[in-house]
Amino acid sequence: MTIKANLAEKVTMPEARAAMEAPRKAMSFPAGYRYTFDGGDYQNDGEAMNQMVFNLVIALVMIYVVMAAVFESLLFPAAIMSGVLFSIFGVFWLFWITGTSFGIMSFIGILVLMGVVVNNGIVMIEHINNLRRRGTGRTQALVEGSRERLRPIMMTMGTAILAMVPISLTSTTMFSDGPPYFPMARAIAGGLAFSTVVSLLFLPTIYAILDDMSSGAAALVRRALGVPKVGPTGAALES
């Protein structure tokens with residue numbers, strides 16, 4: 001048996017599917033009977049979701065490669081990429097609070113979000129590295145760098161979040177029967193709000209942990225190769 005229906009006005013595909021699947025979860029079908037959501041918009045929606053997941057992975061790899069080339073390091077980009085993870089938590093947090101369904105526009109919002117979120121980390125990490133190159137100790141550089149970049153980051157993210165508020169509160173759709181824009185706006189706003197606060201608190205800690213790991217790995221390599229440790233004056237030190 002095949003049942004076809006059109007979506008009601010202002011009802012998205014994820015919302016319609018969730019509404020139809022909820023009562024069927026409590027039903028038990030006889031042996032050999034089952035139900036599926038195949039064909040039409042459901043199939044197109046599933047294919048589009050798979051494509052967006054692939055796009056997200058490619059975007060993450062490209063962002064990491066570019067930052068690794070700029071910083072000439074594999075560890076500092078890892079610290080910055082932690083902000084992307086925090087932002088995705090923020091997206092699902094806001095979606096859970098507002099009851100927003102996850103769809104194609106949500107994925108587009110996350111793609112936009114990733115490009116904006118890494119900017120926070122780049123600004124902070126680059127300033128911390130500049131302070132260290134000037135001779136500032138690591139701990140002091142982390143404290144000063146975070147404090148000095150707090151206001152610019154908060155102002156930038158605050159304006160971006162406020163710009164998303166009007167769109168996130170409306171049900172404007174793409175064309176006449178396209179998906180609404182508000183999931184994209186809520187994804188951007190929720191991800192920015194959560195990642196900005198969490199990154200400012202945890203990014204310096206993640207930086208210090210990765211820096212310690214880098215120093216420890218370098219020391220192990222030197223010991224394995226039998227290379228003596230060089231002190232501040234250039235003299236070899238015994239391990």
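Just so it is clear, glycine is given a Cβ too, placed from its N, Cα and C backbone atoms.
If you check TrEMBL, you get these features:
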- 52-71: transmembrane segment (TRANSMEM)
- 78-96: transmembrane segment (TRANSMEM)
- 102-125: transmembrane segment (TRANSMEM)
- 153-175: transmembrane segment (TRANSMEM)
- 187-210: transmembrane segment (TRANSMEM)
Inset, instruction - Please give the sequence-distant neighbours of the transmembrane segment (102-125): residues at least 6 beyond its ends with Cβ less than 8 Å from one of its Cβ atoms. - result: 12-14, 45, 48-49, 52-53, 55-56, 59-60, 63, 67, 71, 76, 79-84, 86-88, 91, 95, 145-146, 149, 152-153, 156-157, 160, 179-188, 191-192, 195-196, 199-200, 203-204, 207
Inset, instruction - Please figure out which one of 52-71, 78-96, 153-175 racks up the most CB pairs under 8 Å against the transmembrane segment (187-210). - result: 78-96
